[in-house]
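These features come from TrEMBL:
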SIGNAL    1-18  signal peptide
REGION    25-48  region 'Disordered'
COMPBIAS  28-48  compositional bias 'Low complexity'
DOMAIN    50-135  domain 'Cytochrome c'
BINDING   64, 68, 113  heme c binding site
């Protein structure tokens, strides 16, 4: 029975955090609204920053907001917590983008980050640049 519960829990986690959510109804853009609330997280007006805009767009198109929110830990860490932990450097952008694409575990607890192999490294880097711009100053 324990094995069944563990497998059922793991399957639920994969369903919740895996895949791309292209089944949005017309006009249903709640994920973009939720992600956009992060504009106030950093200092200054980020709305004109091209890295912010492109990253926000990519995050809204993918399943990121299933497990992450701007200022609130859900399954994974809040974007603001990631931005506080990692300096916005090219090396960190590459490192974090690889974790988005390949998945990872251990930095934020025992729940693994689901791999997103459908994302290109360049798109994952744009998403990470957006997240790192949310650092509170």
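Using the three backbone atoms N, Cα and C, a Cβ is placed for every residue, glycine included.
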Looking only at the domain 'Cytochrome c' (50-135), what are its DSSP counts of helix, strand and coil residues?
48 helix, 4 strand, 34 coil
Give me the mean pLDDT over the domain 'Cytochrome c' (50-135), rounded to a whole number.
94
